[in-house]
Amino acid sequence: MSDQITPVIGLIGGSGLYDIEGLEDRRWERVESPWGEPSDELLFGTLAGVRCVFLPRHGRGHRVPPSELNYRANIDAMKRAGCTEILSLSAVGSLNGDLPPGTFVIVDQFIDRTFARKKSFFETGCVAHVSMAHPLCPRLGDALEAAARDVGLKYKRGGTYLVMEGPQFSTKAESELYRAWGCDVIGMTNMPEAKLAREAELCYATVAMVTDYDCWHPDHDHVTVDAVVKVLLENAGRAKDLVRAVVPMLGQPRGACPAGCDRALDAAIVTPPEKRDPALVAKLDAVAGRVLRAA
Ligand SMILES: CSC[C@H]1O[C@H](OP(=O)(O)O)[C@H](O)[C@@H]1O
Ligand SMILES: Nc1ncnc2[nH]cnc12
């Protein structure tokens with residue numbers, strides 16, 4: 001790996017975030033992936049001179065539900081587009097009375113309760129096990145915290161995001177269970193996204209923007225799409241302020257990630273070179289070419 005990396009900032013916009021206005025030299029471009037169709041074209045551009053690539057997670061027009069997103073194609077396409085890191089901007093419900101709607105949580109843990117999604121790039125013919133002990137990049141978290149402070153956001157550093165399958169919202173018993181587990185926020189999308197970003201050796205961070213109290217709070221109505229949309233339109237403006245502040249911080253040439261996100265595959269692949277399936281190895285080119293080509 002060369003000493004200095006010129007970052008390309010990947011941005012994945014969730015519900016309510018389908019564009020990044022203010023991006024200069026902008027162009028929407030289709031990126032082909034051997035893993036299928038990404039949610040939409042990718043928006044390429046620059047912010048304060050820093051190269052950025054934006055993907056609306058559900059596609060423009062919010063066409064694709066959480067369980068049907070092609071998470072593998074999305075992450076693979078962002079890596080092929082040159083992204084070195086990904087910031088996920090997502091709407092969530094609050095499971096914690098100290099995190100009211102409007103709060104931005106810089107997540108540091110996940111509990112993955114999804115069950116109907118493709119969660120790995122590695123399959124029969126090339127097996128790998130990456131560490132997910134610390135699923136989010138602390139270097140990105142530091143920058144997001146500094147930017148959130150600069151733009152005066154109501155934010156919390158650290159918090160556990162429970163990822164449910166959806167698309168229906170939770171039952172009250174589920175909501176209470178996740179609260180008892182110590183979860184702070186709930187959403188439907190950031191897994192397997194974070195797992196796949198780790199396998200693709202991309203630094204990944206989540207800004208979870210609280211829109212509602214799910215269905216556990218005795219003093220608040222249970223969540224509805226109307227309520228979520230109302231708050232997320234307010235959150236979306238603040239999210240764009242955050243992006244404008246954080247991108248210049250992250251865009252400076254840098255060394256390798258101190259947390260090792262960009263070397264996650266160094267000791268992860270179990271299948272020896274002579275037993276690997278050449279077709280799968282070819283498909284893994286963008287995600288894992290760094291280690292596979294070295295073999
Ligand atoms: C529109 S409410 C439920 C929907 O919003 C969140 O999406 P995203 O994470 O992409 O912002 C949640 O995960 C659900 O997909
Ligand atoms: N309460 C909730 N549950 C799951 N996903 C959400 N996204 C926004 N609010 C949510």
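Positions of Cβ are set from backbone N, Cα and C atoms, glycine also.
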* Asked: According to TrEMBL, Ser15, Arg57, His58, Ser90, Ala91 bind phosphate; which of Thr189, Thr224, Thr271 is also listed for that site?
  -> Thr189
* Structure fact -> In the three-state DSSP scheme, Tyr213 (substrate binding site) belongs to coil
* Asked: List, in sequence order, the same-chain residues at least six positions removed whose CB sits under 8 Å from that of Ser15 (phosphate binding site)?
  -> His58, His62, Ser90, Ala91, Val228, Val229, Leu232
* Structure fact -> Sparsest Cβ environment (other Cβ within 10 Å) among recorded positions Ala91, Met188, Val225 belongs to Val225
* Ser170 (site 'Important for substrate specificity') and Asp214 (substrate binding site), distance between Cα atoms, whole Å -> 8
